[in-house]
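Below is one structure, written out as C-alpha cells, with a few remarks after it.
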Amino acid sequence: MKILICNDDGYQAPGLVALYDALKDVAEVEVVAPEQNNSAKSNALTLHTPMYVCRASNGFRYINGTPADCVHIALTGLLGYRPDLVLAGINNGANMGDDTIYSGTVGAAMEGYLFGIPAIAFSQVEKNWSHLASAARKARDLVLQMSQQDLIGSSPWLLNVNIPNLTFDEIAHVKLCRLGRRHAAEAVITQVSPRGDTMYWIGAAGPAKDEAEGTDFHATSLGHIAMTPLKVDLTDHDSLGYWAQTAAKLTLA
C-alpha cells in the first residue's frame, strides 16, 4: 500500500510526524507538506508564484505552497507513481461542520479525491496536541481496517475524520455523522501597528450551532471518532425546482 501524507500545519507539525510514524511500518509512505502553516487555505492553488520542493533532514519533502499545491505537485510530477491513498493531518484542532469549507486539511484530502484517489482528512478535536499518539494509532487502525475491506485503491471516496483528545482506551468507536453547523465567526480583532495603521486579525470560529444527535459535534462530545463522507458537488439539489420557476421568468437574453 502506497500512501501520500500532507497537512496544513506545516511539515514540522507534531500531527504530521505522528501520522507518518504510525504508518511507516505498514505502508510505503511519502510526505509532501507545506513549508509554513497554511491553516484555512481550503483548496487554494498557487498560480502566480513559483514553488520549490525541498527535502528535510527526516526525509519529508516540503513546498512553499498550500496544502492543495503539495498534493497537486506530488500527484502530477513529483512522485512518479500513483498512491493508493491520500491522507491529510493530523490537524491541530477540529475540522467539523462549517470548518470543512475553510480547512486546508480537508483541501489537501480533497485534492487527492479530485485525482481519483481515496482520501481521508484527520483532525484532533482540541488544539493542544494532547493524546496525539492515541489519535495516530486510531488513524492507523482505521486505514488498516479499510485496507482489509478492499476500500483502498478502489474507486475514489473522501472522508473527514475527527478524533477526540482522549487516551486510546477512552476513545469510543467510530460514528458515521453528518456535518453540524457553527455560529458565525467572532468579530475581527483590531490592533494599531507601530506606524499607526489599523491591523485586522480574523476572529475565532463560532461555537457549535447545530450539534444535534447525528452530527460530528455531538459524536465527538461523547468521545466518539466522527467520520463524515464528503462530496465536491455544491449544488443545492433540493432548491433546483424552486429556482427553475424563477429562472424561467428571467429575460436576460
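Positions of Cβ are set from backbone N, Cα and C atoms, glycine also.
The following features are taken from Swiss-Prot:
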- Asp8, Asp9, Ser39, Asn91: divalent metal cation binding site (BINDING)
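According to DSSP, Asn91 (divalent metal cation binding site) is assigned to a strand segment. A count of other CB atoms within 10 A of each Cβ picks out Asp8 as the most crowded of the binding-site residues Asp8, Asp9. Comparing the binding-site residues Ser39, Asn91 on other C-beta atoms within 10 angstroms of each C-beta gives the minimum for Ser39. Summary of the divalent metal cation site environment: with the site residues Asp8, Asp9, Ser39, Asn91 set aside, the chain residues having Cβ atoms within 8 Å of the Cβ mean position are Asn7, Gly10, Ala13, Gly15, Asn37, Asn38, Pro67, Gly89, Asn92, Gly93, Ser103, Gly104, Thr105.
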